[in-house]
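Novice: Sharing the features that TrEMBL gives for it:
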DOMAIN    B:3-348  domain 'Aminotransferase class V'
BINDING   B:ARG41  L-glutamate binding site
BINDING   B:TRP101, B:THR152, B:ASP172, B:GLN195, B:ASN237, B:THR238  pyridoxal 5'-phosphate binding site
MOD_RES   B:LYS196  N6-(pyridoxal phosphate)lysine
Protein chains: 2
Amino acid sequence: MRVFNFSAGPAALPEEVLRQAADEMLDWRGSGMSVMEMSHRGKEFISIHEEALADLRDLLDVPASHRILFLQGGGLGENAIVPMNLLGTKETADFVLTGSWSQKTFKEAHKYCAPHLAASGQTADGFTRSPARAEWQLSDDPAYVHLCTNETIHGVETFDIPDLGDIPLVADVSSHILSRPLDVAKFGAIYGGAQKNIGMAGVTVVIVREDLLDRALPICPSAFEWKTVAENNSMYNTPPTYAIYIAGLVFKWLKKLGGLKAIEARNIEKSKLLYSAIDSSAFYVNKVERASRSRMNVPFFLADESRNEDFLAGAKARGLLQLKGHKSVGGMRASIYNAVPLEGVKALVEYMKEFEQRQA
Amino acid sequence: MRVFNFSAGPAALPEEVLRQAADEMLDWRGSGMSVMEMSHRGKEFISIHEEALADLRDLLDVPASHRILFLQGGGLGENAIVPMNLLGTKETADFVLTGSWSQKTFKEAHKYCAPHLAASGQTADGFTRSPARAEWQLSDDPAYVHLCTNETIHGVETFDIPDLGDIPLVADVSSHILSRPLDVAKFGAIYGGAQKNIGMAGVTVVIVREDLLDRALPICPSAFEWKTVAENNSMYNTPPTYAIYIAGLVFKWLKKLGGLKAIEARNIEKSKLLYSAIDSSAFYVNKVERASRSRMNVPFFLADESRNEDFLAGAKARGLLQLKGHKSVGGMRASIYNAVPLEGVKALVEYMKEFEQRQA
């Protein structure tokens with residue numbers, strides 16, 4: 001029996017993607033090979049790779065000014081890879097902090113420059129908001145401004161993306177990429193690990209404005225130098241071929257559903273349902289400012305935290321899995337990525353109501 | 001129809017591994033989830049990870065002094081990651097060149113130190129031999145000595161591994177790891193991309209002596225700092241979970257076959273058969289010194305190179321795929337990794353004889 005999987009990542013995948021992957025495992029379309037067995041330079045895999053690139057460009061409406069790269073190392077890897085690629089001759093970059101992930105990004109940047117804290121959404125309740133552009137205090141000459149547009153752990157999403165003019169805006173979009181349309185033209189670069197909305201862990205998508213490809217530090221490893229990766233069409237080193245294949249299947253699934261506007265509508269419906277259930281009850285609480293509430297990651301607390309283990313055990317018994325909150329925050333967290341169906345959220349909300357009634 | 005796949009990597013995988021992966025794709029052992037969908041911190045994936053580590057330690061007889069890490073970025077990534085982790089306060093490292101891969105390793109090291117060329121196997125015929133220890137001219141105080149123990153492109157394998165005493169020996173073992181027993185204790189570190197004998201592209205195995213974990217440069221990205229990776233049991237960042245799962249299935253397959261001594265016997269038989277066919281004919285030639293001939297990658301040339309395309313087309317028609325030599329070398333190359341069965345080599349040898357007779 002398939003469960004409803006609320007994992008923050010690696011996370012649920014569309015069942016039809018998994019079925020197709022299983023069906024094609026031993027023989028991809030008459031090639032006599034699994035996709036895992038194909039040379040990355042053979043015509044079979046090149047067709048898979050090109051189609052994934054084209055579908056992602058189409059879905060996100062990536063402008064011609066931007067290149068799409070497939071790398072390895074995930075978001076945490078990019079915390080070093082971004083400064084090594086974008087600092088050029090500048091001595092600082094600016095950081096907007098909205099949660100644990102952007103905190104880590106800020107910390108790692110100290111290895112390569114003197115980073116500047118431009119704004120923080122930290123309050124007495126932890127990270128609960130995304131500071132508006134008017135609150136950002138930029139330094140005089142930053143190489144770029146970094147933002148994490150969806151904080152997986154704290155459930156803080158940034159909906160208003162400012163236009164910074166000549167200063168490249170760089171965003172970690174790992175946990176909400178492809179959940180809604182995004183104006184990629186506003187960014188110098190965006191990056192994201194695949195293990196939330198794109199596919200399986202092991203491939204990192206980087207979308208970077210082509211004119212920024214000449215700013216790498218000499219110490220940047222060739223395998224992670226975006227210019228080298230771009231010049232070799234993501235094949236400077238052997239790419240994570242199977243992860244790219246799975247991502248391609250997910251892109252096709254999204255296109256069939258109607259693209260990002262259609263999935264956004266579904267995600268709005270799902271997240272509204274869950275936040276309404278939380279807000280309409282005194283037993284559950286979410287501390288994030290309404291305007292910054294993530295549609296992907298919904299952390300919540302039980303009024304009586306001594307019931308946490310019971311809550312999780314009861315959920316598991318109904319096939320509602322991986323609802324435990326991140327250890328740094330506690331409580332619960334429901335990650336409701338693209339592949340989590342509305343039925344899953346309905347089942348969760350129903351369970352939450354029943355669990356609350358049982359406490360009375 | 002499944003083919004015989006002689007790709008240099010990504011390469012053939014054992015059919016029973018692929019069958020099991022397909023069978024478990026939607027529901028891993030009653031968990032209701034695909035392995036791709038599991039949180040890397042959940043008990044299901046932790047059990048997969050721990051079993052893969054234990055099986056690899058068992059297969060390679062890795063001593064307790066050494067840690068096994070799973071990283072991302074492949075061999076080319078490690079070309080930067082190794083010096084960033086091992087240079088410490090030293091200004092140089094030594095390099096033994098045996099082919100294109102060690103050449104790239106040597107070149108990348110210039111980003112981080114003043115590397116020293118200790119020996120080269122380059123001759124008038126290209127890279128055709130692995131220089132013996134007596135030929136290595138080490139510098140006074142190298143941080144480590146680097147060697148590529150199997151050169152995928154040139155088909156040069158190193159069978160005698162010297163003991164360098166206090167100087168850490170570091171080897172890129174990407175294309176022959178698990179093809180035969182290896183005395184890991186002789187090495188400070190070995191590393192390899194998975195896409196030859198371990199599994200699918202996207203995970204890099206690093207085995208490093210624990211006392212070498214305190215030598216990282218301050219610029220080393222946290223996600224690639226071996227100490228950080230070791231302290232977090234390869235979960236500092238989200239590991240490539242599915243690639244680790246597939247590697248684990250391959251480890252089980254190898255253990256069932258009888259381990260590395262058993263697979264070595266098979267590999268000796270396969271490679272002898274192919275080299276004999278080449279040596280017993282005037283129509284085919286392999287230029288590598290006999291003592292350095294790789295059991296994994298067998299490059300060969302047709303006496304009449306104008307027949308190359310015919311040879312490849314005829315091979316393909318029989319389901320013998322990916323035999324074209326690397327573009328930097330030309331000719332043909334049969335990669336006969338662990339998962340290529342003896343029947344595949346027999347079919348190739350038979351075809352080679354027929355093709356030769358047709359030319360007469």
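Cβ from N, Cα, C; glycine included.
On a predicted model such as this, the values are computed, not experimentally measured, just so you know.
Map these features onto the structure and tell me what's around them.
Specialist: Around the Cβ of B:ARG41 (L-glutamate binding site), the same chain contributes B:MET235, each under 8 angstroms and 6 or more positions distant in sequence.
The Cβ neighbour count for B:TRP101 (pyridoxal 5'-phosphate binding site), using a 10 Å radius over every protein chain in view, is 23. Reduced to three states, the DSSP call for B:TRP101 (pyridoxal 5'-phosphate binding site) is helix.
In three-state terms derived from DSSP, B:LYS196 (N6-(pyridoxal phosphate)lysine) belongs to neither a helical nor a strand segment and is classed as coil.
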Novice: If you count other CB atoms within 10 A of each CB, which of B:THR152, B:GLN195, B:ASN237, B:THR238 wins among these binding-site residues?
Specialist: B:GLN195
Novice: Taking the Cα atoms as reference points, how far is B:THR238 (pyridoxal 5'-phosphate binding site) from B:LYS196 (N6-(pyridoxal phosphate)lysine) in Å?
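Specialist: About 23 Å separate the Cα atoms of these two residues.
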Novice: Which residues in the same chain, at least 6 apart in sequence, have a Cβ under 8 Å from the Cβ of B:ASP172 (pyridoxal 5'-phosphate binding site)?
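Specialist: When sequence neighbours closer than 6 are ignored, B:ASP172 (pyridoxal 5'-phosphate binding site) has B:GLY75, B:GLU78, B:TRP101, B:SER102, B:THR105, B:HIS146, B:LEU147, B:CYS148, B:THR149, B:ILE190, B:TYR191, B:GLY192 within Cβ distance under 8 Å.
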Novice: Which of these recorded positions, B:ARG41, B:ASP172, B:GLN195, B:LYS196, B:ASN237, are close to chain A by Cβ (under 8 Å)?
Specialist: B:GLN195, B:ASN237
Novice: Counting across all protein chains shown, how many other Cβ atoms sit within 10 Å of the Cβ of B:LYS196 (N6-(pyridoxal phosphate)lysine)?
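Specialist: Its Cβ has 31 other Cβ atoms within 10 Å.
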